[in-house]
């Protein structure tokens, strides 16, 4: 029932909650925040929150249904990652391949700061 | 015929570019010889020969640069001509143009594709070089020659790319019966303005790059060099600012989901040169005014144009669609990549060789205007590094067989806090004196803005308890920084305040305004997604919107559903908005044409989607309070840049006149 076809058939009517909000504003806000961080798999760089593609609509519907059923956003993200891989999430995990990505901002800041501090100290 | 003329003009332009390079190299080496001669007291004859030789060649450089620009611009004009006349025997026209398309889109469609946009890139590069050759008089002659030589080196690579790997004038035999038309998303007035402005900005940075190369070659990194470079950097930066702001608004109304920035690699490709150029703009001021940050400024000039080239590579090589698509048809991508490595590597190598000869600039205290600008440069560079690694990381991972996405959650979490910090430095910096400032004085000057910041924080939180942390901080910082950015005008005679000070104040204020818009949009936007029947009324923000009618509509190349939305705000008069859902015949592509009502306190953004079945229609409505401040802020930043540029140029002109009077 909650499964997502990989390529939705465009002749079928759009999934139930693809283009309609959840009645509960708090739940909808949660769903919306999650949708903004999930990649539309058939688009170029768009999130499912801002895509016209049918697949994005199906995924929006899935997110809203699961949020309405009380599931946590991170559980839904984990479900989608298990299904489609890390690629579906715009929030990269922290693991063996991505630790450098997450460490980079700190490294840049420390290296740059040290460089500046060294220069300024030498000047005095 | 026109196509062949264009191709011939392009070849001739390339040949002149090569001549420009040869002339630069010969006249520079001749000068080195001559300066040796004067020391060696060589026989007069040789020395004279060299002198004559050098005058001939260096005299050649400026006209050659201008002629090259004229020919390349002519080639571009030829391409525009074959697009406007829809010459279906030209391959590029067939793929991107069509008979019966509106004139404006046949015109702007010239650069709505790979080959055309690369030809535009090269044309702007050539015209930029010609502008330097014609206008630049402050730079020492040797450095100018080296600069035009550098410009020719860049030009040659991209001419080769056009001529060998992406010829825009390639013919199709037999000619096609019809054109395929432009991508409907590009059929918008935005295409006529956005890419040219952005490209002028991108390529304008090549001038800063060539200046840096020139100064490294002739060891001329001094304040006079920085004063000569500053207007060119400022000009490129103004165009980048306009290009990014306009591009953001274009994406906002064209894509139909109310988003205005997506941290998409293509957007990042335009943001990175802007970040580097912003840092350069500030460091070049330190070099021009205080003779500090010499090596760093040269480095930034190299980095800024490198970011332009990386951006061009990302967008034009096809690597973004997929690393594997790139590997399957690698000709163009590898060509661009080779150019990238050659130029960036070459420039960095030259920098490494010569940086030892760049004398250390003058000294300053940590707490000083220079100190604040150094922190500005540090934070901008770190943000630039984050955007760069966030954009490239997925490509690297994919090359190793894995696939990840790096999007808004990463960039917002890492670059967001640094950007807020940067804004606070931006508020404090202009309050400081050059060389040395007392911490106590600055702290006292910052008291009022800090109070405003805190009051805004408390007030917004009290009025909207549910607001998120970052939008809250954004609004508060915007209020405090907005006020602080006006401080340089405080207590001054406004009529006698120099134009470039006005420029700085307006640009800084614009940044605060844009931040307010971003924070307001993310905190207060309301969304209504409805499957509505005709006659149904929806409430959104202060509005009541009634779906009054759905009617068929058509235009050049498309049919559409045209919704009539009757909009009423409070007790005000009702008016109509008409969002369209279009279908283009040729490609069968569907687009949403949004209808936006702009009012003083925000925008009502309406979209018509597809049929929702059972006589219902998908209607999407957003009420976005003060969202317009984002682009108004961007416009202020650009206006500040223009005033600053005018102020600098006028002051220089005045000084020259005064000098002339003294000598007369």
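Each residue, glycine too, has its Cβ placed from N, Cα and C.
All annotation found in TrEMBL is predicted automatically rather than curated by experts.
Database features, via TrEMBL:
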- B:111-317: domain 'Cytochrome c assembly protein' (DOMAIN)
- B:337-648: domain 'Cytochrome c-type biogenesis protein CcmF C-terminal' (DOMAIN)
- B:6-28: transmembrane segment (TRANSMEM)
- B:144-165: transmembrane segment (TRANSMEM)
- B:199-219: transmembrane segment (TRANSMEM)
- B:231-251: transmembrane segment (TRANSMEM)
- B:271-288: transmembrane segment (TRANSMEM)
- B:295-315: transmembrane segment (TRANSMEM)
- B:335-353: transmembrane segment (TRANSMEM)
- B:415-434: transmembrane segment (TRANSMEM)
- B:446-463: transmembrane segment (TRANSMEM)
- B:469-490: transmembrane segment (TRANSMEM)
- B:502-520: transmembrane segment (TRANSMEM)
- B:629-650: transmembrane segment (TRANSMEM)
Does the transmembrane segment (B:335-353) come near the transmembrane segment (B:629-650), with 3+ Cβ pairs under 8 Å (pairs 6 or more apart)? no
Pop the mean pLDDT for the domain 'Cytochrome c assembly protein' (B:111-317) in here, whole number is fine. 91
Which of B:6-28, B:295-315, B:469-490, B:629-650 shares the most C-beta pairs under 8 angstroms with the transmembrane segment (B:231-251)? B:629-650
Excluding the flanking five residues on each side, which residues at least 6 beyond the ends of the transmembrane segment (B:415-434) place their CB within less than 8 Å of a CB in that stretch? 289-290, 364, 367-373, 375-376, 379-380, 382-383, 386-387, 442, 445-446, 449, 470, 473-474, 477, 480-481, 484-485, 487-488, 504-505, 508, 511-512, 515
